[in-house]
Structures are given as C-alpha cells and as structure tokens.
C-alpha cells in the first residue's frame, strides 16, 4: 500500500509528509520511504495556531475555522509530496493524519478529565485528495484509560528492533520522548514515555530573545555558559520526577513556562539563558535514563531523531551527560534513517495498522488498559477503483 503520513508537531515549524510504501502489517511489515518533505506554515497560519493554543487568546470560532483551514493545508501538503516524488495522487491508498494538537490533558485534574484535541478536518483532506483518511489516533487509547501518548513506539518496534542490541530511540521534537526497544533475543518489554521539553523551550527563547525561529546547529547556545540557578529551577519541574508512563506538552513547557523563566532570570545574558535551556533539555533526558531506564535495562545504543538531533550543542551535552554509560550515541542518519521523517512515517504505519484492523497502542507506553485499534476513518466522497477498501 502507498500511504502518506502527515504530522504537524508542537514545534509549529511546518507540515511533515512522508510518502511510504508498506507491505503487510504488524511487526513483520516492510517499510520503504519513497519521499519526504516539509511544507512550512506561512506566518499568518502559524500565528493563528499559536493564538488557538493559548487559553488567554483562543476562542471556539477560531478553533472551528482553523480546523478546516488546517485540513486544506494538510491536503495541499499531501499533493506536494506526491508532486515532488512524481507519484500520481490517484495511486495513493491511504492518508494517516495526526492533526495539530490544540490541547492535551493526559490526566484528570479536578473536573477536567483526561482528554485530547487534534484538529485538521479529515473530511477536507479526503475531499481534496479523493483518498481515505485515517486520523484522530490518540482518542481511542485515551478512551481505554491511556494517556494517548506516546504513539510512535509501535512504529519503532517495526523499524528499529535489532537482533542483539538493546536500543534507546530518543526523539527530540517540540517535546522529547524515549522508547526502549529491547533486542529480539531479550525478554524485556518495550517501554516509552515523554522526557520533557525537546526543542520547545529552546525555540521559544530563540524567538523571544534573538528573533530567529530556532538555534541552527546550536551555534547561539555555544556562545553562552550554563547558569546553575536557572538549570536548578528548570530541573525542579514536577514532571521530571513523575513515574512513567507519562506524557507532556505545551501546557507544561510552552509560552507560560518560558514567560515565567525569563521574568525570573532577566538579569542574565541572552546567550547564557539559551545555553541553559539547551542544557535543560539534555539534563532532562539524561535524568530520565538514569532514573527509569538504566537501572533496569542494559543499553547498547542510543539513537537520536527529530529536529533536536541537528543541534550539535545539544547532542554534545547529551554525550557528556552519558559519558559514563557503556552505550554508543548516534543519529538516525547514521543507521540509514531520516531524523526529520521519523514521526510522519510513524503515522503512515499506524494508518496501515488501522486499515488492517490491528491494535497499535503500546500499553507499557501509554498506560491504556487494552490494546485497541486507533483512529477514525473518513472515506473519500467519490468511488474510485484505486480506493482502499476498508
């Protein structure tokens, strides 16, 4: 099957689309990446999304409108990846669309129950592409008592399980998340959880203090020095000592977190603040390994993915933090994969599993009570001989 996986993450840097060919289903699936592209959000769209993400500025009319606007953006991004790959859109069997997360409440707080909302109307995507769309992957896991995240571990088992090596898959997107993938000969279970901020705090500081979207290659942070009092403040965040399974997001490490941090520590130089929040991401990852993984698993290899794997300063901080551990550290490209395409590929794989009526949540990752089939199915408006028959 030819499937387009569509991902718009918490970093808001654009729409990632992976055109993937998948043979079979389950852990023995054969996955081939045909083409990957990122379609950036225009400034107006990015501003609308940021407005919708903030409780202070959001409103129901905006979210309602944005749901349809993003659906059109996602459809156009699918058309773009097919155009770049010289692949006929009519031959596409499925689209797996994660959507744009507007709010994620992993655990109940008072009368606010655990819930999640991703937008990007699948009917618009299906209409514009005349292709079956599978979307809204997180809600069924939450209905089954899970946190709806992380969902990527299922794809990581398929793509990265090694015959003899125990691997850690560390994604550094807006949020950091880790998956422990034991070797095929191991009897240990897969576990996965969010490790805290990935690029989210770094990018927000860059945009506010340096007026650039992100710290390319970690060059700005390299000019500063880590400030202990800022790092201690960050590392005291209660999320870090919660036991897995757990997930987090912009609600904990978004604009409000950065505003409070900058107000508290405005006496320090811009470069030092950026260096410190970069170290915060590295230390939060290392902390989670040492607290929740390394005492129970012998790890051979750490594989970094996501945009943060291109931040050389951050990667060097991670290497220093893990220097005493007996494991190698590499990035996705070192083993023939794409750091940028990883999550979009994951949602193509999840769409394929839903098409085959296979459960694809990992209970040890999300905390769900049951293995469940993820996602909602939206059929295209017109019958087509190439349409996937679900």
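Along the chain as shown, the residues are counted starting at 1.
Cβ coordinates come from backbone N, Cα and C, glycine included.
Now, the feature entries from Swiss-Prot:
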type	residues	note
BINDING	9, 10, 11, 12, 13, 14, 15, 16	ATP binding site
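Listed in chain order, the extra residues whose Cβ falls within 8 Å of the Cβ center of the ATP site residues 9, 10, 11, 12, 13, 14, 15, 16 are 7, 8, 38, 41, 173, 174. Annotation for residue 10 (ATP binding site): same-chain Cβ neighbours under 8 Å, separated by at least 6 residues, are 101, 173, 174, 175, 200, 249, 250. In the three-state DSSP reading, residue 14 (ATP binding site) counts as coil. Its own atom aside, the Cβ of residue 9 (ATP binding site) has 23 Cβ atoms within 10 angstroms in the protein chains shown. In this structure, 12 is the one among the binding-site residues 12, 15 with the smallest number of other Cβ atoms inside 10 Å of its Cβ. Ranked by Cβ neighbours within 10 A across all protein chains shown, the binding-site residues 13, 16 are led by 16.
Neighbour counts of Cβ atoms within 10 Å were compared across the binding-site residues 11, 14; the minimum falls on 14.
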